[in-house]
Amino acid sequence: MAANRRLFTSESVTEGHPDKMSDQISDAILDEILKKDPNARVACETTVTTGLVLVSGEISTSTYVDIPALVRETVKEIGYTRAKYGFDFETCAVLTAIDEQSADIAGGVNQALEARQGKMSEEEIDAIGAGDQGLMFGYACDETEELMPLPISLAHQLSKRLADVRKEGIVDYLRPDGKTQVTVEYDENDKPERIDTIVISTQHHSEIQNEQIERDMIEKVIQAVVPSELLDDKTKYFINPTGRFVIGGPQGDVGLTGRKIIVDTYGGYARHGGGAFSGKDATKVDRSAAYAARYVAKNIVAAGLAKSCEVQLAYAIGVAQPVSIAVNTFGTGKVSEDRLVEAVRELFDLRPAGIIRMLDLRKPIYKNTAAYGHFGRKDILFPWEKTDKTEELIALTK
């Protein structure tokens, strides 16, 4: 590789990966609760292992949800429908261990510190406090149409295609578990130039030979997703490099909610505050503020104010206003970062209640986020992916 060039790699996993199964179950439960009780407080964690699903957490709601039925339906949709897959929606055990949200936490969330101290106007008094302290990042760049880094974008598309060819019977020997990984080579101007390496590991029936899997993955998955101009005779393909992937899903690995936080976001291309998303209602700023930070960053890039933008938000538990807002444009900004921070403060209400209203986060939209990325999706336009603040940002930064 020539000087001043670089490689960057991101990975994704399919909906049948055990960690992603856990995320989808947690968000399916969240959505079902929000359908009947939009103001519910939900922190739902799922563990999947051989023959067992354990759902635990803290849920405060006025409604009833049949959690075991939801679990089985979600597992069925993912594709674990036969015992020979190592996990079956009909025969798996489902255990629940649910408590209510701590009264100490609820007190600070229900009424923010500013309200308790009389520092809010009547119009602001309904503002809720942050559900926890923490820092969250959002990112956008102009590498793709959806303003995402190319490596994670392609990795997600490959994972989604891997599931699609299985469900549609195009490749009928596949099973639900799978992973993808894409290495992109960037040129001297830090622009994506070619794909250096693609890795696909996919669960399969025991009688299939690896040669057929490799041929089908290249022809029916990779070539259907990756633009041909990014592939060349030097691109390396590693298809099931262990040689065999029959045992997978919860039988092969324990799955836990929140263990794929880099897959969920930017594939390592931007920083991460450490908080997971799935199973959490929007009062949890781990989720809602990360969505808001993406919304801000994407609008800054879409407005042409920067080619690359990372936004950091930080909160204190029980306090409505963020304790800090930071913008980094990595030298690509058309205006100063200080000016961008001023514009962000003026245009976006980044209190938890403000984020919930701005992005309409009390709706049951979360299960669809739980596989193939929360950001930059081509199949679904989530509220935080809209670029409806560009004109106002431009006007505020003139």
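A Cβ is built for glycine as well, from the same backbone N, Cα and C atoms used for every other residue.
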Of the residue ranges 101-111, 244-254, 387-397, the one that Swiss-Prot records as region 'Flexible loop':
101-111
Of the residue ranges 1-21, 169-189, 190-210, the one that Swiss-Prot records as region 'Disordered'
1-21
Of the binding-site residues GLU45, GLU58, LYS284, the one whose Cα sits nearest to the Cα of HIS17 (ATP binding site) is GLU45
Just report the maximum Cα pair distance in Å for the recorded ATP binders HIS17, ASP177, GLY178, LYS179, ARG244, PHE245, ASP253, ARG259, LYS260, ALA276, LYS280, no decimals.
36
Under 8 Å Cβ-Cβ from the region 'Disordered' (1-21), and at least six residues away from its ends along the same chain, one finds 46, 48-49, 74-75, 78-80, 149, 151-152, 155-156, 158-160, 162-163, 175-188, 190, 193, 196-197, 199, 202-203, 248-250, 252-257, 259-260, 262-263, 266-269, 370-373
Mean pLDDT across the region 'Flexible loop' (101-111), rounded to an integer, is what?
54
List which of the binding-site residues ASP19, GLU45, GLU58, LYS284 have their Cα within 10 Å of the Cα of LYS260 (ATP binding site), in sequence order.
ASP19
Which residue, out of the binding-site residues HIS17, ARG244, LYS260, LYS280, LYS284, shows the minimum number of other Cβ atoms inside 10 Å of its Cβ in this structure?
ARG244
